[in-house]
Every structure is written in C-alpha cells, then in structure tokens.
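Annotated features in Swiss-Prot:
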BINDING   7-36  FAD binding site
REGION    182-204  region 'Disordered'
ACT_SITE  H474  active site, proton acceptor
Amino acid sequence: MTTREYDYIICGAGSAGNVLATRLTEDPNVTVLLLEAGGPDYRFDFRTQMPAALAYPLQGRRYNWAYETDPEPHMDNRRMECGRGKGLGGSSLINGMCYIRGNALDYDNWATHQGLENWTYLDCLPYFKKAETRDIGPNDYHGGDGPVSVTTSKPGVNPLFEAMVEAGVQAGYPRTEDLNGYQQEGFGPMDRTVTPKGRRASTARGYLDQAKTRPNLEIVTHALADRILFDGKRASGVTYLRGNERATAHARREVLVCSGAIASPQLLQRSGVGPGAWLKELDIPIVLDLPGVGQNLQDHLEMYIQYECKEPVSLYPALKWWNQPKIGLEWMLNGTGLGASNHFEAGGFIRTRDDDPWPNIQYHFLPVAINYNGSNAIEMHGFQAHVGSMRSPSRGRVKLRSRDPNAHPSILFNYMAEALDWREFRDAIRATREIMRQPALDRYRGRELNPGADLKSDKELDAFVRARAETAFHPSCSCKMGYDDMAVVDNEGRVHGLEGLRVVDASIMPIITTGNLNAPTIMIAEKIADKIRGRKPLERANVPYFVANGAPARNVAKAVRQPETV
C-alpha cells in the first residue's frame, strides 16, 4: 500500500471536480490529487469527441457507469436507465452537450431557504459568465474568456428547427432569442458545449487542458475511491483502488467529493456518513449519522413525441452506415458538417398553467425520430420533441447495497409518485400536439407516431408515460445544501457535523433546476472554489431578468387555431 500527502484530494474528475482541480491549482503553493475511476479523455475516440455521436457512450460501459434503478413502482415496475459518465470529464464526457443554465427563479427560490441567501440568480450569474466563452462574444449575460466553449445555433442548419420554434410561437407561446439570457421562457435556439472546431467541450478539455501540466496537480485515472478516512470527525484522507492495488492519500486541508448524485452519497455512506440504520445493515462503523445522505434524489423524466416527416429533410439518412464515413471524414478533417452538432439546436420552456411562476416543461427539438441512447430509431423521415416536466415533487433515494466499492448502489427515483406529475405530463402531451398542429409545420408534419393520435384520454396518456417515458439523465439533489434536518452540506458545500469534507457537484442542489444540469454544476463548482480559496465572491450581477408575475402562460388570442385531428 502506497501513501502520499496533498493539500486537497478530489474524488471524481467530472463537471465539478475538474473545475475545482483547475481553480485550486492556480495557487502554486497548493497541491491537489484528482482521482478518477474511469480512464483518460481519449481525444482520438469519436464516440466522445464527435458531438453527433452522443448516443454511443451510453451504449457501453467504457465511459458509462450504466446504473439501473430498482423497479420503479409507478412506471410499470421498469428498471430504468441511469447513465453516468466515467472518465476524465465525467458526465460532461457523455452528455447531450446542451448548455442550459436553468431559470433565474430556480436560484432565487434556492435563496429563500434558510442560509442559502447568497445563491440568488444575480449571485450565480457572474460564475456562469466566468466559466464560459461564447462563440458570438460576451454580453451582460454571457462570458467571453472562460474554459467552457459555448456554440450558438446558426440559422439554416435544418428547416425543421425553425419550423418547430415558429410553431411554438404560433401556438401562443413566447419567442426567446437566448434561453440563457434575459428570458428563458419561450422557444428559440439552444446553445451547446461544442468547440469552434466541432469537438465536445467537456470539462476535461476546457479545464484540465490548462491545468494538467501544473506540477502541483496529480491526476490519477482508473482510481476508484473506496472510503474517506477520518481522524475523529475530521476527514484526513482517502483510500482508493487501482485494479487490485489499494492506495491511501492523506489530505492536509480537505477532501472534496465530486462523484455525482449517485456516487457521492454512495461514497459517503461507505465511509460511515449517512443514515445510521442503513449503515448498520452493512456493519459499517458510523462516523456520523446524517439522515439526508442519499435522500431527496431528483431527476427529469421525459418522453418522445414523434411525427413522420413528409419532406426528406430529417437526419434519417445520417443513421445509415453507408452515409456515416463521409460525415465522419468531414468532421475529422474540418470540424464541420453533421458530425459537428449535437442536433439539439432548438427547444424551449413553457408554463402549462397560468399559475406556474416559471416554466415547468422543457422541450428539446430533434430532426429525427430516435431514442436519446440511439435505440428504437423510426425507419422513416421523422422528427420529435423531447418533452418533460422540470420540478417533479417526487423524491427518491440512493442506498448502499454493499461495502464493495465496485458494487452499484440501490437507486430509486420514485418517478411519477405524485398527482402533479401525472397532470403535468398529460398537459405536456396535449400542449405539444397543439404546437405540432400549427401552420409552420404543415409541409413537414405527417402521422403522429408516438404516442399515436388515437391515444387521447387521461388513462391512455398515463399508460404511454408509464411504458415509454425515460430519464433525461439529470440525477441530482441527493446530498442537498441547506440547514434543515435533511440537509447534508452548508452553503459552501461543507458536510454538516464534520470538518475537512465537502461535497461539490449536482448532488448538493436543494431542488433540481429548470433544464440540463452540466452548466449549473460547473457554476456551483466555480462558486465554491472561491470559498475554498478564501477569495471574495465575484461582484453580484446587476441585470434584469424575466419574471412572469402571473402573466398568462400563452397568448391564446394570438394563437393560430387548427383542428385537433392531423
């Protein structure tokens, strides 16, 4: 067994861990050990580097932990997919590359919780900007010299994108030019984490590329964190496995857990920090009975509303193997073409009821009919909307099954456990059908393939959701930030009741944000990095942002009305 000593040990080189490793080692007097259970960020592997290949990493286990849930009781007892990134970059290495920060009111809502007053949107915005380089330049809402490359959608990429956005507007919903700017609510172009050369902009590329040559940063891959070590109530180090070899590293200052919403509570529980009754079941010595560890688990559930496309403008031909070498060659040589986009270039956020204070439904538009993980491709020209609710009241949990660090935990999201979930999904299907019926899509819209136009009653729609809805791969909130009895960390990520230990990743969100989670996770890490370094927070932003204040969710008077049948 080898033993070494560092100022900080970071467990997990993902969206948050790479931010911390980079920011902490800006101080040459600080030493950092970054542990990653997966392998390097192989730049020659098109599966992780080509944006259009985003489904491939989810189909194997090289880059994906490939967790499965326990049978979900409200989803026909299905064991559902729970993909999480494995390798330098973490889930930013395998995600859909949608750059969505969340709604301003997400953060203002966090700040209404005791002790989280400094997590308002205006407190967080400077850290979003710090992390970002937007291809069309900075403004009051966007950064221009950060590590994360953000590419904006350009007109003319595919006519279906513009048609679907226009259809949303024709249905009476707002148009927005920037889902990350003044107004998230509405339909418009979607930003993505792709470099100017058409490569995936993971945090391994954006952050670690500038930090990995620093002498005060040691990166160890294929290193699976086993347990956090404690000296009394103070975290003193980490034991980890590299193959069959066990190693120990000691932390002079802090251990920083950045393993994600599944593995962070798993590591804490394995180390003796968690619900006491759970730990006793596995004969784990209790360091601290902390009941919230692994509780409050949240995710976004989504469904695919799919249509036949009457004109041959979809991406269906790109799914054929004989067309893919040409696409790949253009991407490899020039960084352009179909391979250089994730093809989520338009989308939106709407309120389905006037009394919703901010959007409760998200749309990703896609000019092909296929599941996110590449399965169940429709054998014809088609298009779809990925549609899902944003702040489900259902809560799940992550529970340790075994002391073996290689064993997956028990995961239960408890999807669709509340009546509000069902109402929102029914509303979402009906709103989507109304959008898809608008004149902007007349030349393209064929048959409704899924759910199928004949499914109309609440009972029929509910059965479709139970059988066909899937994860959006946004697990979060399982080590929540706050000061109530179920909070795990304080407003700086420090674990309650312990010293020298923080959790910094999507697990500390108290409530899931409205949209994709990579950008908020990076922001959280940027913000807490300043806290760890003892630096003064960035100056609070002073910009306006949209608040509905009870305004109608859609302008029915301006909506173009069409028959319900297609």
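Residue numbers in this text run from 1 along the chain shown.
Glycine too: its Cβ is placed from the backbone N, Cα and C atoms.
Features per Swiss-Prot, on structure.
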residue: D7; record: FAD binding site; contacts (Cβ under 8 Å, 6+ apart): L24, V30, T31, V32, A251, R252, R253, E254
residue: C11; record: FAD binding site; contacts (Cβ under 8 Å, 6+ apart): G17, L35, A225, I228, V238, V255, L256, V257, C258, S259, L267
residue: S15; record: FAD binding site; contacts (Cβ under 8 Å, 6+ apart): G89, G90, S91, S92, T203, D505, A506, N518, T521, I522, A525
residue: V19; record: FAD binding site; contacts (Cβ under 8 Å, 6+ apart): A131, T203, Y207, I522, A525, E526, A529
residue: R23; record: FAD binding site; contacts (Cβ under 8 Å, 6+ apart): A525, E526, A529, D530, R533
residue: D27; record: FAD binding site; contacts (Cβ under 8 Å, 6+ apart): N216, R533
residue: H474; record: active site, proton acceptor; contacts (Cβ under 8 Å, 6+ apart): D299, H300, A506, I512, N516, L517
At a C-beta cut-off of under 8 Å, are there same-chain residues at least 6 beyond the region 'Disordered' (182-204) that contact it? List them, or none.
13-15, 18-19, 41, 48-51, 87-90, 92-93, 97-100, 102-104, 134-135, 141, 147-153, 161, 164-165, 168-169, 173-176, 331, 334-337, 339-342, 344-351, 358-359, 363-364, 514-515, 518-519, 522, 543-546, 548
Packing count at L35 (FAD binding site) (other Cβ atoms within 10 Å of its Cβ)
25
Counting by DSSP, what is the helix, strand and coil composition of the region 'Disordered' (182-204)?
2 helix, 7 strand, 14 coil
Please report the three-state DSSP label of T31 (FAD binding site).
coil
Using all protein chains in view, find how many other C-beta atoms are within 10 Å of the C-beta of T31 (FAD binding site).
22
